[in-house]
Amino acid sequence: MPYEIKKVFASLPQVERGVSKIIGGDPKGNNFLYTNGKCVILRNIDDHSRFVNCVRFSPDGNRFATASADGQIYIYDGKTGEKVCALGGSKAHDGGIYAVSWSPDSTHLLSASGDKTSKIWDVNVNSVVSVFPMGTTVLDQQLGCLWQKDHLLSVSLSGYINYLDRNNPSKPLRVIKGHSKSIQCLTVHKNGGKSYIYSGSHDGHINYWDSETGENDSFAGKGHTNQVSRMTVDESGQLISCSMDDTVRYTNLTLRDYSGQAVVKLDVQPKCVAVGPGGYAVVVCIGQIVLLKDQRKCFSIDSPGYEPEVVAVHPGGDTVAVGGADGSVRLYSILGTTLKDEGKLLEAKGPVTDVAYSHDGAFLAVCDASKVVTVFSVADGYSENNVFYGHHAKIVCLAWSPDNEHFASGGMDMMVYVWTLSDPETRVKIQDAHRLHHVSSLAWLDEHTLVTTSHDASVKEWTITY
């Protein structure tokens with residue numbers, strides 16, 4: 001095969017405040033007391049004062065536990081249904097309890113609560129063995145838990161999955177982080193000899209991933225408050241991101257901390273950002289094109305006469321290509337602190353959805369809503385070099401390989417194509433690259449490693465062979 005899946009950095013659970021999130025199931029298999037809805041109602045158990053979030057039989061079947069929004073956990077005899085005890089006396093937790101999970105030997109119980117803690121209970125003596133404080137913010141509420149052999153897991157409202165440490169309850173052994181909302185964009189960058197993937201999601205979060213291990217985390221501090229629409233890295237190693245919160249942020253990729261970093265407030269909502277050498281960045285907004293120089297707004301084109309959608313800056317730093325909803329690409333020159341319209345239009349086959357210059361600046365690729373990629377030759381006055389057909393739906397993203405001979409496109413058809421510049425018929429087709437949603441962004445780690453992302457909130461690495 002010309003391609004194979006290399007890694008999948010999976011999405012986190014979808015979470016909602018006040019709704020229990022349970023990992024795993026009862027070891028009794030089909031004998032789930034809570035799945036048929038009869039475990040409480042059939043035995044007329046009405047001890048809880050609020051709704052019951054979870055019911056679990058012990059593995060040996062001798063007892064079952066119920067957990068409720070009233071903060072109580074009750075233990076019942078598994079055969080008679082008679083109440084045995086209330087864990088913790090008057091209350092097991094100070095907040096609602098969303099999940100419980102039994103130990104394999106049926107002697108202990110793990111609970112997860114909205115009071116931002118998880119607890120281990122010795123059921124035989126009705127006492128707390130360990131308390132795991134998971135944080136102080138709303139996002140640290142615990143919505144799910146699982147006791148699987150020697151592993152204890154909990155799920156936070158943030159979507160993070162925590163590996164609990166019985167020997168050190170104050171700090172998890174490991175925290176699996178990622179996105180729980182759709183990812184809109186990504187970019188890649190080498191930092192300290194390692195290649196990292198940076199992804200931005202619908203809820204404003206930006207995560208960074210070690211491309212080899214999949215270990216990831218989010219930036220520290222308060223960042224974007226709305227969808228991250230586009231990201232790129234400039235020559236000084238800063239991540240430049242634009243968001244639906246009407247800002248462009250410059251974040252140092254060594255510090256990975258929003259605090260003290262530059263924020264440019266825009267007049268209207270940005271859609272796309274591209275960078276060039278010399279501290280330049282061009283932002284395409286709703287009905288506006290903005291030129292930034294050294295993290296400051298220095299020029300804008302208001303009401304350009306068409307709706308700009310996407311932008312790319314030539315690697316030489318002198319030319320800007322702006323794709324419009326009218327199906328044309330317009331070229332501008334950067335002259336000091338201004339943009340000059342060169343009066344040259346490049347015609348795509350439909351509304352332009354992305355533009356990208358090859359790394360050597362020799363070609364400009366343009367994709368559109370009519371399922372076509374058109375490549376223009378820069379040296380030949382932006383004459384049409386070739387046209388690439390194959391997608392079955394709107395194409396939404398483009399990225400050039402470092403070899404400047406191949407480029408990738410992703411579309412609403414959930415497919416990714418890797419094209420050969422000199423021969424449109426020589427291509428690698430990745431069908432159902434993301435099965436649940438369309439491909440929203442892609443980038444190259446090296447000549448044979450492609451990274452894709454989607455609204456399914458996952459990031460995938462692909463090994464490409466020609």
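Just so you know, glycine gets a Cβ as well, placed from its N, Cα and C.
Look at TrEMBL and you will find 45-86, 90-131, 176-219, 388-429 tagged as repeat 'WD'.
Within its own chain, the repeat 'WD' (176-219) is flanked in space by residues 7, 9-15, 158-163, 225-233, 237, 239, 241, 243, 245, 251, 253-254, 256-258, 437, 440-446, 449, 451, 453-459, 461, which lie at least six positions past its ends and keep a Cβ under 8 Å from the stretch. Using DSSP to sort the residues of the repeat 'WD' (45-86) gives these counts of helix, strand and coil: 0 helix, 21 strand, 21 coil.
Mean per-residue pLDDT, taken over the repeat 'WD' (90-131), amounts to 96.
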